[in-house]
Each structure stands twice: as structure tokens, then as C-alpha cells.
Amino acid sequence: MTSLKNDVFLRALQRQRTPYTPVWMMRQAGRYLPEYRETRKKAGSFMDLCKNTDLATEVTLQPLDRFPLDAAILFSDILTIPDAMGLGLYFEEGEGPKFERTLREESDIRKLAVPDIGSELRYVTDAVSQIRRALDGRVPLIGFSGSPWTLATYMVEGRGGTDFLTIKQMAYARPDLLHHILSVTAQAVTAYLNAQIAAGAQAVMIFDSWGGALSHYAYQEFSLQYMQQIVSGLTKESEGRVVPSIVFTKGGGLWLESQAETGADALGLDWTISLGEARKRVGSKVALQGNMDPAILLSTPEAVEKEVARILADYGIGNGHVFNLGHGITQFTPHENAEAMIKAVHAISSKYHL
């Protein structure tokens, strides 16, 4: 495939020297962009958009055509794996994702199997290949998946936005059943991410969106160990380059030291932790990605630039930082503020890279 014209993001993940701090945004292809809303309308539904290779490519590239971002991320959803397992993913307007079938009965749980990635999720790998061709080496492409714990919350609860009582009850009353779900899902995620790498993904990220809902010991048992299994099973090199991995637990700032032992190249941080403090704790082992509160993008360009300067100063001089939000950009964000953030990162950060 075409050689990269901008590999600053990949070098930052490996804590190599870079001329500035690279920047991208979680959910950078999304509803805050008018062009995305037009394409979504054309697709009909969110999943139709994900499963249409041409349209998924189009929306992946939209933020790059508008902003000077340093990475593209595959447009897809974290719940593609449970859907491929036959749980029947669907979306209700204003309510988020739901599943027609849940995993609560032992008989259903024991039947759970790793899906055939090549057939059931071919629409994802086809999109990865097409996006790589369309990027033509402009910036690297990130592939991703949800973590086993986060996927299991949807598989057991049947929807997002819950208090997690059903899955936590299973964790404490029948941990054997939950471990079976997590083990099968970890195998599926490993195969899925490796398929994305084979199709052209140049870095991969594991989104543990709900890991922060767990207690200290439950996090180690039901989330972290499975992410570690995935990282250890990932393809480490493709096309003659290292394929870096990022682990991100929202609300996981207490466990950075444990996360740094997973073998991941970088850790994602939300906005509840000081970036400088995180660097002191684990910066000698891993790169760090984050960690602006997405709500700041609802303010003014001036306020955004001030916060960018503060975050960059908090990390300080040196390499190994990828600027990002602490979670996904909201649909209400003025795109002018997103642009102000990206341009400010590039303008201000060079003085920290000597």
C-alpha cells in the first residue's frame, strides 16, 4: 500500500521523537458535521451506514477533508461483534443501541461462539481496505473494537445507559457464566482486530467504555485481564511497521499502572485525571492519549485554545502524547470549535518537542 506522508501519530504512540503533538478526536466522524448528517440521511439508518462500504469510507474521510487531523478512525460501531454473534443489534432514535436477544440464561451463554469474522464482519474489513486506498497515505488509519467487558454489558443488559445491575449480579453470583462470555468475546475481539490489521489498519484501539463502573478488584478480574489477552494476541507488525495498540478505560484513572502492564503501546485518558500526573505514574512505559473534556468544545474558540494550552503544558516537554478528547465529541459541538482545538494543538505544541 501507499507509504505514509504523515506518520506523526504512529511515532507518538511509540514515544518516538515528533515535531509536534498529533491530534485526532474520538467520534470525529459524527453528527456535529453537517456533511455527516447528509450522508446518514442517504444511508437510511446508522447500521446501514456502517454496512455500506462506500458511505462508511465517505464519512471516515469527512473530518479529514475539513480539519488537519493526524489520524483517521474507521467509521463503525463497537457492537458489531455481538451483532455478528446473532444477538440482533438495532437502534431506536434517541435511545441508543439495543439487542433483540440477551445473554442471561446459562443455555444461551454456553452456546455463545466466536463468529466467522471473514463472512459476518466482512463489511468492516472491506471498509478498512477501501478507506486505506482512499487515504492514499495521507494519515494512518485506526481500527477499533469494544472491550470484552463493555461488549458484555450490552449483551447481558440488552441496552446501554443502565446501572449494570444484571451483569454485576452475574459477576458475583455466577462468575463462571460471565467469564465464559468474556473469554469467547476476547477471542472474537482478537480475531476481529487482527482482521482489521490485515485489511490495512495501522493502529488499533480497545474501547473499555464501561470499565469505570467496576470496583477495583472486579476491574482486574472482569475487564483488564481480557484486554491483556487481546493485546498479547494482536498482530504486532504489518507492512514493515509496528502496529501500535491503545487501551482506553473511561473512568479508569485509578488503574493506570495495571493498564500499563497489558502490553499496550498507549493508554487513553478521560478528563478526570491530570495528564501530568498520569505521565509521572506511567509515562516511562506507555504513551498517553487525551484528555480534553468534550464539553469544553461547547464554549468558545478562545476558551478551547486556553484549555489546549493548559493540557499541553500539563504534559510538558517531550514525546509520547497524542492529543484527544477524554471521550467522544458530542453532536452539539460547533465545528468551528473543533477546528480551533486542532489548530491550537499544532500551533502550540511544537515548543514542547525540542
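Every residue gets a Cβ built from N, Cα and C, even glycine.
The substrate binding site feature in Swiss-Prot is assigned to Arg27, Gln28, Ala29, Gly30, Arg31, Asp77, Tyr154, Ser209, His327. Marked as site 'Transition state stabilizer' by Swiss-Prot on the basis of sequence analysis: Asp77.
Between the CA atoms of His327 (substrate binding site) and Asp77 (site 'Transition state stabilizer') there is a gap of 15 Å, rounded to the nearest whole number. Counted over all residue pairs in Arg27, Gln28, Ala29, Gly30, Arg31, Asp77, Tyr154, Ser209, His327, the record's binders of substrate, the longest Cα to Cα distance measures 23 angstrom.
Around the Cβ of His327 (substrate binding site), a 10 Å sphere holds 22 further Cβ atoms from the protein chains shown. Taking CA atoms as the reference points, Ala29 (substrate binding site) and Asp77 (site 'Transition state stabilizer') are 12 Å apart. Separation of the C-alpha atoms of Arg31 (substrate binding site) and Asp77 (site 'Transition state stabilizer'): 14 Å, rounded to the nearest whole number.
Counting only same-chain residues at least 6 apart in sequence, those with a Cβ under 8 Å from the Cβ of Tyr154 (substrate binding site) are Leu79, Pro82, Pro97, Phe99, Gly160. Cα of Asp77 (site 'Transition state stabilizer') to Cα of Arg27 (substrate binding site): a span of 10 Å.
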